Amino acid sequence: MSTLFIADLHLSVQEPAITAGFLHFIQREAIHADALYILGDLFESWIGDDDPEPLYRQVAAALKSLQQQGVPCYFIHGNRDFLLGKRFAEESGMVLLPEENVVELYGRKILILHGDTLCTDDTDYQHFRKKVHNPLIQKLFLWIPLRLRLRIAAYMRNKSQQNNSGKSEHIMDVNSKAVIDAFLRHDVSWMIHGHTHRPAIHSVELPMVTAHRVVLGAWHVEGSMVKVTADNVELITFPF
């Protein structure tokens, strides 16, 4: 009995090996799990559920098949795919969760989230995030013709890469106070997130207990998952 967590696959047509690795993971690992949680950035970008890109239909079919075989799949939006909506969720059989969610697994209460909200030192990004998560701005963007949305998304990705290249590693990592506040706010001693692409298990000292923050790795040259069982919480890398 196990529950699996993944994040930061950044699936795109430009990286077919990662897509193949994900599909293999679904067939080899996820099919045997109690549930699969995807903690954001499943896709490199997402400009709306009406995008006819065949890759998205392929991924949706694989996830739907998983659900039909009795393995539920849950999704928390990332900073790349925050516009993924109900239409794709229904097509893929995924359940959309709030940006911070507590799950109880095998006697543990675990806070799960993408992780970008913990990076509070990156004030430029947090201001940008607040704007693009405005429901009115999202609605206006989705009204724009698909071709123009594609161009806007490409421009924003390039701008983001340029901005990040000039930022320090410290600014782009989580803020310690934000982490502790999240633990205390949700009254948990376990946390799993992605976003930073810095896989590790960290101990965090809270007033009454030592908590654990598990960071998923990105799927660049290998896969990364967290496997939670009754006995253990493991951070695992594996070849595609």
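Going from the start of the chain as shown, residues are counted 1 onward.
Yeah, the Cβs are placed from backbone N, Cα and C, and that goes for glycine too.
What Swiss-Prot lists as Mn(2+) 1 binding site is ASP8, HIS10, ASP41, HIS197. The annotation Mn(2+) 2 binding site is assigned in Swiss-Prot to ASP41, ASN79, HIS114, HIS195. Residues or ranges marked as substrate binding site in Swiss-Prot: ASN79, ARG80, ASP122, SER160, ASN164, LYS167, HIS195.
Structure coloured by features recorded in Swiss-Prot.
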| residue | record | Cβ contacts under 8 Å, 6 or more apart |
| --- | --- | --- |
| ASP8 | Mn(2+) 1 binding site | GLY40, ASP41, GLY78, GLY194, HIS195, HIS197, LEU216, GLY217, ALA218, TRP219, SER224 |
| HIS10 | Mn(2+) 1 binding site | ILE18, ASP41, PHE43, GLU44, ARG80, ALA218, TRP219 |
| ASN79 | Mn(2+) 2 binding site | GLY40, ASP41, HIS114, ASP116, TYR125, ARG129, HIS195 |
| SER160 | substrate binding site | none |
| ASN164 | substrate binding site | MET172 |
Apart from the site residues ASP41, ASN79, HIS114, HIS195, the 8 Å Cβ neighbourhood of the Mn(2+) 2 centroid comprises ALA7, ASP8, LEU39, GLY40, HIS77, GLY78, ARG80, GLY115, ASP116, GLY194
Check the binding-site residues HIS114, HIS197 for other C-beta atoms within 10 angstroms of each C-beta and report the one with the most.
HIS114
Counting across all protein chains, other CB atoms within 10 angstroms of the CB of ARG80 (substrate binding site) number 25
Quick check: which same-chain residues outside ASP8, HIS10, ASP41, HIS197 lie with their CB within 8 A of the centre of the Mn(2+) 1 site CB atoms?
ALA7, LEU9, GLY40, GLY78, ARG80, GLY194, HIS195, ALA218, TRP219
Quick one: what's DSSP say for SER160 (substrate binding site), helix, strand or coil?
helix
Binding-site residues considered: ASP41, ASP122; fewest surrounding Cβ atoms within 10 Å belongs to ASP122
In all the protein chains shown, the tally of other Cβ atoms within 10 Å of the Cβ of HIS195 (Mn(2+) 2 binding site) is 26
